[in-house]
Amino acid sequence: MPRVKAITTGSVPSFLDAILNLAESDTSSTLVHQDTWLAQLRARPNGRLVMYGDDTWLKLFPGFFDRHDGTASFFVSDFVEVDNNVTRHVPEELMMEDWSAMILHYLGLDHIGHKSGPNSAHMLPKQKEMDSVVKEIYNAMVSQEHLASTLLVLCGDHGMNDAGNHGGASPGETSPALVFISPKIRQIRNQGQSLEPPSGNFKYYETIEQSDIAPTLAGLLGFPIPLNSLGAFIPGFLPMWNNGFERLNILMGNARQIRNVVKMTFPAYEFSYSFKSDLCTPTPNTELTSLECNWQNAWQLAIAALDHGDHSKEVENALLAFCRSAQDVMSSAASNYKMERLYIGIFLATLAFVLSSIALFGVMESARTFGLFITISYGIMMFGSSYVEEEQQFWYWILSGWTFYLYSTPYVQRMGKGSDGDGRKALSKSVRIWGCLIFAVSSRIMRRWNQTGQKFAAEPDIARTFFPNHTNMLWILILLTYTDICQRMLRRTTSAGAASFSRLFFAILASFAFLFKLTLTSADSPELLQETLIFNQLIESVSGLSVVAQARIVFTGIAIALAYAIYTEIQRKRALKASLPKIRNQHDARLPKMLNNTLTSVTFSGDLHDIVSLFLVTQSRSTNIPLYLILRLQHWALSSMKLSGDEITITSLILQYATFFAMGGSNSIASVDLSNAYNGISDYNVIFVGILTFIGNWAGPIWWVFSTNSLFIGGDGCTLAVSRRRRGSHLPLLTFFVTTSLLAVMVACTVLRTHLFIWTVFSPKFLYIMAWSLVQHLAVNLLLGQVIFMSIC
């Protein structure tokens, strides 16, 4: 949506458009009452518009199109029908003579990028399909008389990065192609090869702004430039007019229109049409003063050229230079900040920070120094654009430092009363060393799983380099992951005396979840199955079920498993309550209740963790699924260390963030993974898609929330009273970190609001910190984590 605005109005879209773009039902940003080239064409006598493809156009321009057929742009699982629905209208429309403009917005390439990346096996066939559509249209332009004066503009509204996403500032994302095609412009086309050698910056020919499309179409098709356009006419088309007077008129109209926008934005500057001798000085005071001087010089040259009939190249260059300078000034001033609202937000964040500080320092005892170091360092880091872009490095280094801290701290085993309130005694040196060694090695492997950020995004890694070349290894590890979850579920149900049919149900559920992931990968990323022929028969066995139906079966099964776990826990507690009177006279009345409560809590916590793990694995990319084996290994190592409550909390905090980046996350909107956002959904629904998108991107952090509960509850001789006491500083510490980081990001965005990277680095970080604060902390850590812990204990 933001890019469509730039193309049609010639203006610079705001960052709010990127947010509203996520809500497909949003109509607050309609362009009905704005001047666009569509409105100009429609205002002509017999002006008619037709549109097929992305229904964003229908939302931006309701009632504009005489014929249309829109498709949901966010349903990225569809590569085929979404484009066939457009192409089927092309032959018929090419025969029609009643339309002034036809818009065809194909979505297949974008969807393939989101699901499988630019190297997907679907990419080349889809590009060839688009080539055939362009060929069909061009042949019609050449052969049909009513299309002889038609202009075909082939362009992308955005590009994509190496992961297939967009929204960031990398060259691949910000360098979409643009081609103007017509038999009438053969005379001016570049006869040579690419102006630049092939390179990673994608700048092969002339580079323009997307806002330049609107004034260029206005000049070529002969209608007024949209009023709010900041674009400049593409100079490569000037040779289309042999008459220098006509070329000059086009550029003067472009310069006059941009001058009007600048003057309305900065009324203190006159930008007069008359000459002022004192306006231009050797050292202009401001950028606007320099721009005003450029305007005066260019306009006076143009007037003189008209009077004397001298249409030199110097005049054209002066007008174009003014347009480019004004474009730069207006692009940097496109945002109007309401400072009072920013200050109110900072005040509320400061209040939350103060309250969380009071709550924390009343309960936190050990490991305080390291926790404060993490929080303060993270807050300071938010003021550096490079640190924000490469935040994963911060968490990886913190993870390494924390591992050393855990090794160097004397561990103690909780059993009975001791001097430290947790009742702990020293662990053996060998257990401490092996636990830290396993944790350190697994953390190092996790660090290399996905290379993210900006600097190292294209470097070789496990998920995108090793696994595509070793697909058999990938699927062996995926199978092991599902097998591990399955055997854990079976072991727990067996120990609880569950009926055989329940154990059979869990085995079938885990097997079908694996089969669904196999089928989904076959449809989205068949290159990951090229060496695993043994799975073809499995995929064929469920070919009668759609991928959506398979996902719904898995999700329904997981819901039933969750309900069964809750029911079993209720039955355990009832049995415990009934057994207490029978042994009260034979033992200490507190002992059976204490031990059995501990046993049932550990069992239920493990049940929830395993069921949630199955769901999270299913919602993760195939190449990320084996990472859960590493997470399980880390959990086992941490369990052997007998950490204190504060140490568990800090470990959970670090691993939530480190795992987020290890699974491919970053602070760029381009890294948002939509590959599992439509599992089980046959049509776009902003609520369900939003929830599944969050789960797919925050699967690792969510896993560690449930794992943290198990660490608090588990342990030999750990009573529920001890578990509650150990968790006393858990939420205060997490809340303190969240409020501090939120305050730091808000202050950074306010202080650096004129920074060059405010929209590409700091504003996306603000969106991410809101997701971490509102969803991950409040919804997951607080509601899910704490409520489940309290219900258990």
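Including glycine, each Cβ sits where the backbone N, Cα and C put it.
Taken from TrEMBL, the feature domain 'GPI ethanolamine phosphate transferase 2 C-terminal' covers 334-790.
What TrEMBL lists as transmembrane segment is 342-363 (among others). Same-chain neighbours of the transmembrane segment (342-363): 728-729, 732-733, 735-736, 738-740, 742-743, 746-747, 749-750, counting only residues six or more beyond its ends whose CB sits under 8 Å from a CB of the stretch.
According to TrEMBL, the transmembrane segment annotation covers 370-388 (among others).
What TrEMBL records for 394-412 (among others) is transmembrane segment.
Among residues of the same chain six or more beyond the transmembrane segment (462-483), those with a C-beta under 8 A of the stretch's C-beta atoms are 117, 162-163, 445, 448-451, 510-511, 513-514, 517-518, 527-532, 535, 614, 617, 621-626, 628-629, 664. Sequence annotations record features per position, and here TrEMBL assigns transmembrane segment to 462-483 (among others).
Annotation comment: TrEMBL describes 504-523 (among others) as transmembrane segment. Within its own chain, the transmembrane segment (504-523) is flanked in space by residues 475, 478-479, 482-483, 485-486, 489-490, 493, 529, 535, 538-539, 541-542, 547, 550-551, 553-554, 557-558, 560-561, 614, 617-618, 622, 625, 679, which lie at least six positions past its ends and keep a Cβ under 8 Å from the stretch.
Residues 77, 489, 502, 505-506, 508-509, 512-513, 515-516, 519-520, 523, 604, 607-608, 611, 614-615, 618, 679-682 of the same chain lie 6+ residues outside the transmembrane segment (543-567) yet bring a C-beta within less than 8 angstroms of a C-beta in it. TrEMBL lists 543-567 (among others) with the feature transmembrane segment.
Sequence annotations record features per position, and here TrEMBL assigns transmembrane segment to 648-666 (among others). Outside the transmembrane segment (648-666) by six or more residues, the chain places 163, 367, 370-371, 374, 389, 391-392, 395-396, 398-399, 402, 406, 443, 446-447, 449-450, 452-453, 457, 463, 620-621, 624, 627, 631, 634, 638, 673, 697-701, 703-705, 707-708, 711-712, 726-727, 729-730, 733-734, 737, 776 with a CB less than 8 A from a CB of the stretch.
TrEMBL lists 686-706 (among others) with the feature transmembrane segment. For the transmembrane segment (686-706), the list of distant contacts is 22-25, 74, 605, 608-609, 612-613, 615-617, 619-621, 624, 627-628, 631, 652, 655-657, 659-660, 662-663, 665, 672-679, 771, 775-776, 780-781, 784-785, 788: same-chain residues at least six beyond its ends, Cβ to Cβ under 8 Å.
Sequence annotations record features per position, and here TrEMBL assigns transmembrane segment to 733-754 (among others).
Annotation comment: TrEMBL describes 766-789 (among others) as transmembrane segment. Under 8 Å from some Cβ of the transmembrane segment (766-789) lie the Cβ atoms of residues 19, 605, 608, 656, 667, 669, 694, 698, 701-702, 705-706, 708-709, 712-713, 727, 730-731, 734-735, 738, 741-742, 745-746, 749, all in the same chain and six or more residues away from its ends.
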PLDDT averaged over the residues of the domain 'GPI ethanolamine phosphate transferase 2 C-terminal' (334-790): 82
